[in-house]
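Report on the following structure.
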Amino acid sequence: MADPSSYRPKPGQIPDSPGVYKFRDEHRRVIYVGKAKNLRQRVANYFQDLANLHPRTRTMVTTAASVEWTVVSTEVEALQLEYSWIKEFDPRFNVKYRDDKSYPYLAVTLNEEFPRVQVMRGAKKKGVRYFGPYGHAWAIRETVDLMLRVFPVRTCSAGVFKNAARTGRPCLLGYIGKCSAPCVGRVTPEEHRELAEDFCDFMAGRTGTYIRRLEKDMMQAAEEMEYERAARLRDDAEALKRAMEKSAVVLADATDADLIAVAEDELEAALQIFHVRGGRVRGQRGWVTDKVEAVDTSGLVEHALQQLYGEERGDAVPKEVLVPALPEDPEAVSQWLADRRGSQVSLRIPQRGDKKDLMATVQRNAQQALGLHKTKRASDLTTRSRALEEIAEALGLDTAPLRIECYDISHLQGDDVVASMVVFEDGLARKSEYRRFQIKGFEGQDDVRSMHEVIGRRFKRYLQDKERTGEWEEAPEAAPGSASVHASATGPAATGQATAGPAAMGQAAAGPVSTGPAATGPVPAPELTAASPDDEPEPREDDGRPKRFAYPPQLVVVDGGQPQVAAARRALDELGIDDIAVCGLAKRLEEVWLPDDDDPVVLPRSSEGLYLLQRVRDEAHRFAITYQRAKRAKRIRSSPLDDVTGLGETRKQALIKHFGSVKKLRQATIDEICEVPGIGRRTAESVVAALATTAPAAPAVNTATGEIIEEDDGGSS
């Protein structure tokens, strides 16, 4: 009996998307298949206390040895894939799955004089149009109920139909407008068949025509002031849109295709293949490979095709192969595939429709597989230790860098320049010690100068904290620094400390900080902005909490090449810190730059050390660009009312709504502002004072005519 905790996925590995999951035993046989609207929540239920599980579920999870999952776009897709896998694998723990019947289809009996829409199971009949399969019969009934508003096709049995024809009275659906009542002659057989064919066309995917027609009729009815009819047409269009979601199918019934997707970074690539037969996903394959050579997506696709079909013949090679990028010589590859199949094979990139949507699902699975692989690789203790040792050896460090800090600069064409600092301890991200910086020492775009400023500010604070905690017996008084924010982190795994002496501290506290060769004078260190948006008061000397920058790294990594590395090293030298190593990662990840070296250090692509440096660099880039975008968005949405103390978002919106714009609010008197509900006189005076100190925006001018365009100066806040 296996222990479920031995194969339980780690927190965060399972996505919260719809999907299908499989439990396998120790012999890799599938023993259970299930579907979920939220994979993370559903799969987690299997790994609770065994005593709380149903006896059959308890037996299943103790028999299993692994669990796998596949992400899909919608719950309908999950139902279809679940059905395919249950039929394919016949899992032993699915014997009581639903009612053990074949899955239901939505059928239209076009072989009858008055076609009927109904739920059908079992063998297909000639002259009947089928749509599905569906997971439940009620799902079909919900779809049909929505569509009968627009396509009132017959749904009754033959007995009910004949009885209504004999009595001359239709059934209830005929009275409420969900059946055209051909039984009593309200429509002719030809008109009813046309309704049935329109119903089939919509279910087959030709949806846009009908929705556009309804919306056009709705607008026309509204113009003619027939509002009740317009409202019904609006509801009909909404019903069709909801039906589209409920009746989604993977692909057309006759489709045989393989869909291949690739997710990649500079070092690795994940491939996912969905095998579609008869319009349904019959199987899935995937693997992750190291990019041992410089290869693009086209090359990865070509390698995948060779491995997939190199030993296949006949129908094992499908009629259609859909890929994210064509090989370098698509004609030759297509001919190679055709030779193996014995007939023509279409190799192409899907551009629209259901195939493009399904390709997006395959792509999501590839991304998920790559992310899961990276998570497993990063969390392995042996792998992390080897990565740190490889970095130490490549950079000539005495010990493994147990604490690594990485810095990245982000801006948009020189505006909103920010920087990020991320921390990795023992090869794992320590997010509680991430920090963000605003570059305020100069204007414009200069990544090298920005890097120098950030490194100088960070380690100046480190020296100040070191003096404040009394680690030096003798040190000059530190100059007032920027406000400090309490950090919730504990001490680092690293044990080494910088050994800069009092002289260095004096330079850091009082002396000028150079910003590069072009600097002509002292540049005051601007305030530091931490991950928290607001600075907090200085902590007490004896509060026992770790300070924000109290722990030095053994290695500083900067995003960039030789210029950025030189700037970081110069900033450390100016502070008298000489025992912290510095390196930089150029855009080509195999190049690691060191200070004063003319040539980069080249690590093998398969190196765990290079892999760790890449993760550190990517995390710093992500953190920086997220902050930069948030800062830019805040600036764009800013309003003069933001500076009014005590004026919250609700009352700001009330002011704008009352006056229409900031421009009109600026022209209002205090008494007029007090008329707004919730605004007192003191607040009104603060609003007037704030707007008086803020100059109105310059008018917009049409550059072609010189005309001034009247615009309100900011309706948002």
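The backbone N, Cα and C atoms fix where each Cβ goes, glycine too.
The following features are taken from Swiss-Prot:
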- 16-95: domain 'GIY-YIG' (DOMAIN)
- 208-243: domain 'UVR' (DOMAIN)
- 467-548: region 'Disordered' (REGION)
- 477-522: compositional bias 'Low complexity' (COMPBIAS)
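Proximity of distant same-chain residues to the domain 'UVR' (208-243), defined by a Cβ-Cβ separation under 8 Å and at least 6 residues beyond the stretch ends, is recorded for 143, 146-147, 149-150, 198, 201-202. DSSP places the residues of the domain 'GIY-YIG' (16-95) in helix, strand and coil in these numbers: 39 helix, 19 strand, 22 coil. Residues of the domain 'UVR' (208-243) grouped by DSSP class, helix first, strand second and coil last, total 33 helix, 0 strand, 3 coil.
If you take every residue in the domain 'GIY-YIG' (16-95) and average the pLDDT, you get 82.
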